[in-house]
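Here's the structure, in structure tokens; my notes come after.
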Amino acid sequence: MTDAKAGSGNEKLVVEIVGAHNLMPKDGEGSSSPFVEVEFENQRLRTQVKTKDLNPIWNEKLVFHVIDVNDLRYKNLEISVFNEKRSSNSRNFLGKVRVPGSSVGREGESVVQLYTLEKRSLFSHVRGEISVKHYVTTTADNAENLRRVNGSGGPKKSKKVQNLSTSMSIQQQQQQISLHDNNRGSQQQNQQNGLGQRMLPFYPNLGEIKPLVITALPGPMPGPGPGLRPGPLAYSNGSSEFSLKETKPCLGGSSSGVGGLTNHRDKTSSTYDLVEQMQYLYVRIVKAKDLSVSGDVVSEVKVGNYRGVTKKVSLNSNNPEWNQVFAFSKDTIQSSVAEIFVKEGNKDEYSGRVWFDLSEIPTRVPPDSQLAPQWYKIESRNGGRGSGELMASLWFGTQADEAFAEAWHSKAGNVHIEGLSSIKSKVYLSPKLWYLRVSVIEAQDVSVMDKGSGLMRFPELTAKLQVGNQILRTAISPASPTRSFSNPYWNEDLMFVVAEPFEDYITAIVEDRVCGGAMGGQNDVGVGRVQIPVAAVERRTGDKPVGSRWFSLDNGNNNSNSRFGSRIHLRLSLDGGYHVLDEATMYCSDVRPTAKELWKPQVGLLEIGILGATGLMPMKVRAGNCGGTTDSYCVAKYGPKWIRTRTVVDSLCPKWNEQYTWEVNDPCTVVTVGVFDNARIDGNNNNSRDARIGKVRIRLSTLETERVYTHSYPLIVLHATGVKKTGELHLAVRLSCGNAVNMLQMYSLPLLPKMHYTQPFGVHMLERLRYQTLNAVAARLSRAEPPLGREVVEYMLDHDFHVWSMRRSKANFFRLVNVISGLVAVAKLVEVMRSWTKPICSTVFVVVFLFMVLFPELILSCLFLYAAAVGVWRFRRRPRHPPHMDARLSHAETVFPDELDEEFDTFPTSRGFEVVRMRYDRVRSIAGRIQTVVGDMASQGERAQALLSWRDPRATFLFLVFCLLAAVGFYVVPVKLTVAVSGLYYLRPPRFRRKLPSRGLSFFRRLPSRADSLL
């Protein structure tokens, strides 16, 4: 909102309530009768009631008096939606929205905003959106739809509104009534003059989205033309921006068919059938001879406006050699000839050239062998025969050519020569990782450090083990009456992560804390150490224990005449029966154990064609490009295999069209594809971090075999300012199955290897080992060429998924609610049958119940038959698309700014004292409610235990008498009769019930719990 001038007293705040969408049914019949109530500065107005409408349209204006416009930015606008219950003259809460006054604009500047309805408390059941427009004006036009809470439009006054009897509120109501009458008179006059217009329903802008959702906004949707009846009203909350879209690319050189595939393919489609063919002109410059130049020599390839320059080669024997390949996109070639110039390194003028007619260049199709280079005479500058010859070869090919990966691409002409290596496509392999188990058992004859006094002290001995940069310590050896001070005993298992080839050493140090203080501090003095190479450790594939060994400790004493030496007892093993987790368990792409002899045969083949991306967000600003640009590349990870596509320079809509293949050993795994911006292209930014653009996860078990999925996946990234759509990634995915029986058998096997269940790790240990695994993988991949940065590895492996997030907690809570919603629906159905509001249905329900009681052997058969029928019925509506990142499920669209700031805060926190105190109080409030619920559940369990504990002797006596009578009764009366009578008693009509709780429930509630003993 722009700064307003001093208010004149005539300003009005107009709130247009356009409509709502997908409201929660609250009338017990699957619908609601909603109305909106708006409160501003003790003024409360409301709209009309829309009977039984979950998608109501009001198009009403509520006008409020503004005392001082300058204070508007410090006030809030409360918008609440209620369901009117005409039977009891009450209302149900459907949701609310709080709009800050700073977001209110002037008339003509504001647009319709779509807000998600929020809960009033943690346990409120709310859903839906409301469309509102608000602005400040000096003349309240079109206020004919004005409704007041205590006016004629409302069914009943509320208590709070009846108490608003101040002079201010009366004056405001009089002003509103006068505005209402004046506008009605003026509108009637306009209609008589033929100037009146019918108020049409508002069509919301499809591009308008909720707060904190930052994305590209398309243009407004055109409304109905004059004289046309408006169509149905469709609200959009921005989720369409994050939806999955099916595409129809031309894959493998075909022109039609499902997913772009047909039976008519060329040779290239045999291996590159999941990408679009891209034609390139390849120019290979091998070497030259008999040149009449001195100094360094370079060759330059020119095709139209594109030029590629080879590296400088010193002319030793007049025969320089380059052996470089250049690739020019055929779509961008604007010339009919290709020229190769030979130059001296420090001169701009060429000494000779060779040119080729593009129409005579052959086309090569793999698997044909590479075109043999030939010698060509070099022409001089005047067109005559020059001195020397150049060996080169030119051909047209596709990205399936072997030279494609190593070629210099024409679109990378502006890349610094030192950054050329960082734009090429590569395949990486994660190191083979092992869990190293070190069992520290005991030590003997340890030389205890003395404080320098004659007093005897108990040594505080610990064992510290270091492998690479991983350091772990045992606890302090406890005192034992059967062991001396110099023979400490620990018997602890310490776990490390090591990578092949094994170059590290295990360093075991026995330390004594001589002056107190924290463990691992400066007061710890080493009294003995030993180094063991990891390569010498025994490997095991099962849970069978390995033998332990004694290792002599070096205490730094060079006296070789000592009769006794310190030693330590260790059990070392490389556990190959585990899978070293480098990803979160829910996103695992490989679950095979480390030991290769335990691997099972592959069950399928995964093929991914990375086609391209559209609408990427500019990540940098480069000279000559004011709008920003992106140098993007893709990284895909499945199992130990990482792939990196080439970097497409200066493009917001890059096309990669690269295809990769992985072996699938388990269908219940996930492949991750991420998009990044290359920050190392300029050559002088070696320490720069590649910026993340977004990523996509695809679970293989959701894919049908032998089907090609061609979709555009939204790239969604959560920032501290909100959720952003940074572009769309176009992929073609196919899962092939070699043996369907083997794949189906995998569903009956454990997800993780056997040792994860026979010798499981704790949650904290798994997190620590996963962090060490991430460090090992990032260190190995960062040493490759081009390097895969640590920031890329962390983003692909979801290293921060366990950090506290209020948004993620809400998402998980509502996921749980959705899971138990089926049980809740069954309970509601039984309650409806009990209420006998539909006598026919209740009668049928009772008959079915009696039938099941008489024939109990049919219960399980009917349940399984019903489940099978539901599954067959839902087959028609099965998901046709793979799952993708869901912003609504993640609660990323409705998150509050403070919650996002807390989620992106560092650990430990870097925020101020007031912010931390506010967040702490919020967590205390939530924890207090959880504490109350847990306490109530514990009380119910303790009451059940009190039935036989004789804590309340009279209650226990009554329960024992009941048990004896029930034992006799159930022995005499048949079980079927007992169940039938109990069921009929429970399903009896309401007229035969009383509203008081049953005697059994009253007896249970009177039982004592241990809550009385709590402080």
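Positions of Cβ are set from backbone N, Cα and C atoms, glycine also.
Bear in mind that TrEMBL entries carry predicted annotations, made automatically and left uncurated.
According to TrEMBL, the protein has these features:
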type     : residues : note
DOMAIN   : 1-115    : domain 'C2'
REGION   : 146-193  : region 'Disordered'
COMPBIAS : 161-170  : compositional bias 'Polar residues'
COMPBIAS : 184-193  : compositional bias 'Low complexity'
DOMAIN   : 262-376  : domain 'C2'
DOMAIN   : 417-551  : domain 'C2'
DOMAIN   : 587-713  : domain 'C2'
TRANSMEM : 844-869  : transmembrane segment
TRANSMEM : 957-987  : transmembrane segment
Same-chain residues at least 6 beyond the ends of the transmembrane segment (957-987) with a Cβ under 8 Å from one of its Cβ atoms are 833-834, 842, 845-846, 849-850, 853-854, 856, 947-948, 1003
Using DSSP, how many residues of the domain 'C2' (417-551) fall into helix, strand and coil, respectively? 10 helix, 62 strand, 63 coil
Using a Cβ-Cβ cut-off of under 8 Å, list the residues of the same chain that are 6+ residues beyond the ends of the transmembrane segment (844-869) and lie near it. 833, 976, 979-980, 983-984, 987
Secondary structure of the domain 'C2' (1-115) by DSSP, residue by residue, totals 9 helix, 56 strand, 50 coil
With DSSP, how much of the domain 'C2' (587-713) is helix, how much strand and how much coil, in residues? 7 helix, 65 strand, 55 coil
The domain 'C2' (262-376) resolves under DSSP into 10 helix, 53 strand, 52 coil
Taking every residue in the domain 'C2' (587-713), the average pLDDT works out to 89
